[in-house]
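Quick notes on the structure that follows.
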Amino acid sequence: MGETIAKDVTELIGNTPLVYLNRVTDGCVGRVAAKLESMEPCSSVKDRIGYSMITDAEEKGLITPGKSVLIEPTSGNTGIGLAFMAAAKGYRLVLTMPASMSMERRIILKAFGAELILTDPLLGMKGAVQKAEELAAKTNNSFILQQFENPANPKIHYETTGPEIWKGTGGKVDGLVSGIGTGGTITGAGRYLREQNPDIKIYGVEPVESAVLSGGKPGPHKIQGIGAGFVPGVLDVDLINETVQVSSDEAIEMAKALALKEGLLVGISSGAAAAAAVRLAQRPENEGKLFVVVFPSFGERYLSSVLFQSIKKEAENMVVE
C-alpha cells in the first residue's frame with residue numbers, strides 16, 4: 001500500500017465534492033447540484049486563490065518568504081486563504097478589511113498571525129483597496145496580490161474548479177451558477193466548461209441592492225463576499241449569459257433553509273447562489289437540465305452575522321433545566 005499523506009496543507013486544496021439539493025428545490029423541473037467549497041482546508045473557495053496567487057508570485061521571483069511583506073484588501077475569505085498559506089510558508093501578511101465583515105473573520109485572520117487593519121464599512125471594498133495601496137506605498141519589500149486584477153485568480157479555477165465540475169458531472173452539466181465577488185471562479189471555471197461544451201450557460205449572481213453588473217448603482221448589502229460595487233478586472237463579462245439578482249433577505253433565508261432542510265451549513269453568499277440556481281431550475285425551458293452552483297464558504301464563519309442573529313439570541317438566553 002502506498003502512502004497517501006499530504007506533504008503539507010497546500011496539497012489538501014481542491015477536489016471538493018458535488019451534492020444534489022433535494023429539499024429546497026420545490027417547483028424545480030431542472031436539477032441542482034452544489035459544489036461544496038465549504039470543504040476546503042480553510043472552509044472557503046478562496047483557499048484556491050490564496051495558493052495560486054502566492055505560488056504564482058514566487059515562481060515569477062516577485063516575493064520571497066521571510067523577506068517580502070504581502071498586503072491584500074479582503075472581505076475576509078481571501079484573507080484567510082492567504083493567511084494559512086503565509087503561515088505555512090513564512091510570510092508576513094497585512095490585510096485591510098471593511099469593518100462590516102464578521103467577527104469570526106477577524107479572529108481567524110489573527111489566529112493565523114496576519115496583521116489586520118479595518119476600513120470604513122461605508123466605503124466597501126473600494127475603501128479596503130485604497131488603504132492597501134497606501135500601506136504598500138510606505139512599506140519596504142511590500143507586494144499587493146490584487147485578487148481583483150490578478151490573472152492567477154481565474155487561472156486556478158480554469159485549471160481545477162472547472163475540470164472538477166466537468167468530471168464530477170460526467171460532462172452532463174448544463175449551467176454554472178456562481179456569485180460574483182472578484183469574478184475569478186465564474187471566469188476560470190466558466191471558460192473551461194464553455195470550451196468543453198459551447199452550449200453551457202454561465203449565470204452570475206449579484207445582490208439586488210448593489211447590482212452593478214446589471215447596470216445598477218453600488219450600495220450596501222448583507223451578502224458578504226459578493227457584490228463588491230465595481231466591475232473587477234479579472235471578470236470576463238462576455239462569458240456570462242445572465243446575471244441573476246438576489247436580495248440580502250432572500251440569500252439569508254435560503255442559507256437558513258439549506259441548514260434545516262439539506263443539512264448543509266453554509267454562508268450567506270451560498271444562500272444567494274442557491275436561490276438563483278433554484279429560480280433557474282424552476283423555469284419551464286430548463287426541464288431536465290443540470291445546474292451546478294458554487295457554495296463558496298462554510299456557515300460557521302457567519303455565527304456572529306445577521307444569518308444567525310435570532311439563533312444566537314436564543315442560545316444566549318437558554319437556561320439550565
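Quick reminder: no glycine exception, Cβ is built from N, Cα and C everywhere.
Pyridoxal 5'-phosphate is bound by Asn77, Gly181, Thr182, Gly183, Gly184, Thr185 in Swiss-Prot, and the record lists one more residue there from Ser248, Ser269, Ser270, which is Ser269. According to DSSP, Lys46 (N6-(pyridoxal phosphate)lysine) is assigned to a helical segment. Between Thr185 (pyridoxal 5'-phosphate binding site) and Lys46 (N6-(pyridoxal phosphate)lysine), the C-alpha separation comes to 9 Å. Counting other C-beta atoms within 10 Å of each candidate's C-beta, the binding-site residues Thr182, Gly183, Gly184 are led by Gly184. In sequence order, Val45, Lys46, Thr78, Gln147, Ser178, Gly179, Ile180, Ile186, Gly225, Ile226, Pro296 are the same-chain residues whose CB sits within 8 A of the CB centroid of Asn77, Gly181, Thr182, Gly183, Gly184, Thr185, Ser269, the residues recorded for pyridoxal 5'-phosphate being left out. Using CA atoms as reference points, the binding-site residues Asn77, Gly181, Gly184, Ser269 were checked against Lys46 (N6-(pyridoxal phosphate)lysine), and the closest is Asn77.
For the pyridoxal 5'-phosphate site listed in the record, the two most distant Cα atoms among Asn77, Gly181, Thr182, Gly183, Gly184, Thr185, Ser269 lie 15 Å apart. Sequence-distant contacts (6 or more apart, same chain, Cβ under 8 Å) of Gly181 (pyridoxal 5'-phosphate binding site) comprise Ser75, Gly225, Ile226, Gly227, Ala228, Pro232, Ser269, Pro296.
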